[in-house]
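Q: Dropping the structure in here first, questions after.
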Amino acid sequence: MAGEKPSVELCKGINGLDKVVLREVRGSSAEVYLFGGHVTSWKNEHGEELLFVSSKAIFKPPKAIRGGIPICFPQFSSHGNLEQHGFARNKFWSIDTNPPQLPSNSLIKTFVDLILKPTDDDFKIWPHSYEFRLRVALTPGGDLMLTSRIRNTNSDGKPFSFTFAYHTYFLVSDISEVRVEGLETLDYLDNLKERERFTEQGDAITFESEVDKIYLSTPTKIAIIDHEKKRTFVLRKDGLPDAVVWNPWDRKAKAMPDFGDDDYKHMLSVEAAAIEKPIILKPGEEWKGRIELSAVPSSYCSGQLDPQKVLQG
Ligand code: TA6
C-alpha cells in the first residue's frame, strides 16, 4: 500500500518456491524468484502489472519460467553448444549477504542482491569458475533496475567468454497496436532466416507476424509504445550493445506448452543483450550489464509524450 515503508521480504511463491518481494513507498512493487534469479512481477503505483507471465507458465525447476525477465547466460539462444539460453535461468540462486559495493543512487533503498556460483556438477557443462551477482532494485519512482556483475574466478589462468540477455517480456494490451522506437535503420540478424543480416527500415517497428531479430549496436534507449494502454516503456541499458525483439505469433504460440494460444497478443520481448561480440573475461576481471525499465503514461497520437523526446531526453 502507498505510504508504507519500502520493504524487502523473502517469502514463498508458487509451488513453495522462494521469492523476494520488493515494495516501494508510492505503491510500486517487484517480485524475483531465487529459482533462475527470475523477476516475475513489476507493478506500478496503481498495482498494475507491467510484465507478461504466461497463464500456462510452469513453476517447476529446472524448467524456466515463461515470462517476466529470464536471464540468458552464459549463452544466448542456440549461439553455442550449451542448452538454449544457457543455464542461469534453470539454477537456484542465493541471497548475497555480503555483496561488494555497487556505486548506485543513494535514493534507491529497495533492492535485493542475489548470487550464482557454479557447483562441481556445473563444471562438467561449463568448465569455468565465476561469480554472478545480480541486484534487483526498485526506485522510489517505480523504475525497475537489474544490474549484473560477472567475475571470472578461474584459478587456472583461463579466460572465458559468454553471451548474455535480459529476456524481458513486456505486457502489452494488443501487439498489433504496439510500436518500438529507437531501432530504425539499424542492422539486425534475422533468426527466422538463418541469422542473415539485414538493415531495418526507417520507421518505427510494428507487428503483424512472427518476429525474432537481433538488432546490433543499438542506442542505449528503446521505447515500446502501447497505444491502447497509453503507456510507453522506456528501456535504458548499459554494457549491452544489442537488442533482441521477439514475438512468436500464433503458430509458434500453439507449439509452446507453457504459453497460451492467444498469449502472443499480449506480450513483446525486447531484450537488452550482448550477442554479436561475446564478452571475454580474464581471471579477476568483471563485466557489468544493467537495464533500467520505466513505464510512463503516454498518448503518442496526442503528442503529449513523443517517444523521440523520450529517446533524446
Ligand atoms: O529471444 C528470442 C528467442 O531466442 C526465440 O528464438 C525463442 O526461442 C525465445 O527466445 C524463447 O526461447 P525459450 O527457450 O524460452 O523457449
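Just so it is clear, glycine is given a Cβ too, placed from its N, Cα and C backbone atoms.
Feature list, courtesy of TrEMBL:
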{"type": "ACT_SITE", "residues": "HIS167", "note": "active site"}
{"type": "ACT_SITE", "residues": "GLU271", "note": "active site"}
{"type": "BINDING", "residues": "ARG66, GLN84, ARG89", "note": "substrate binding site"}
Q: Relative to the Cα of HIS167 (active site), which of the recorded positions ARG66, GLN84, ARG89, GLU271 has the closest Cα?
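A: Sorting the recorded positions by distance from HIS167 (active site), the top entry is GLU271.
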Q: To the nearest whole angstrom, what is the C-alpha distance linking ARG66 (substrate binding site) and GLU271 (active site)?
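A: Per the Cα atoms, ARG66 (substrate binding site) and GLU271 (active site) stand 14 Å apart.
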Q: For ARG89 (substrate binding site), write down the residues of its own chain that are at least 6 apart in sequence and whose Cβ falls under 8 Å from its Cβ; none is a fine answer.
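A: Expected: GLY36, GLY37, HIS38, ALA64, ILE65, PRO70, ILE71, CYS72, HIS167.
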Q: Can you tell me whether DSSP puts ARG89 (substrate binding site) in helix, strand or coil?
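A: Reduced to three states, the DSSP call for ARG89 (substrate binding site) is helix.
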Q: Given GLN84 (substrate binding site) and GLU271 (active site), what distance in Å do their CA atoms have, once rounded to a whole number?
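A: Cα to Cα, GLN84 (substrate binding site) and GLU271 (active site) are separated by 15 Å.
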Q: Specify all same-chain residues, apart from the site residues ARG66, GLN84, ARG89, whose Cβ lies within 8 angstroms of the center of the Cβ atoms of the substrate site, ordered by sequence.
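A: So the extra residues in range turn out to be LYS63, ALA64, ILE65, PRO70, HIS85, ASN90, HIS167.
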Q: Count the other Cβ atoms sitting within 10 Å of the Cβ of ARG66 (substrate binding site), across every protein chain shown.
A: 22
Q: Restricting to the record's substrate-binding residues (ARG66, GLN84, ARG89), give me the longest CA-CA distance in Å as a whole number.
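A: Largest pairwise Cα separation, rounded: 14 Å.
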Q: Relative to the Cβ position of GLU271 (active site), how many further Cβ atoms are located within 10 Å?
A: 26
Q: Among the binding-site residues ARG66, GLN84, ARG89, name every one whose Cβ is found under 6 angstroms from ligand 1, counting any of its atoms.
A: GLN84
Q: Within 10 angstroms of the C-beta of HIS167 (active site), what count of other C-beta atoms is obtained when all protein chains are considered?
A: 23
Q: At a 10 Å cut-off from the C-beta of GLN84 (substrate binding site), count the other C-beta atoms across all protein chains.
A: 13
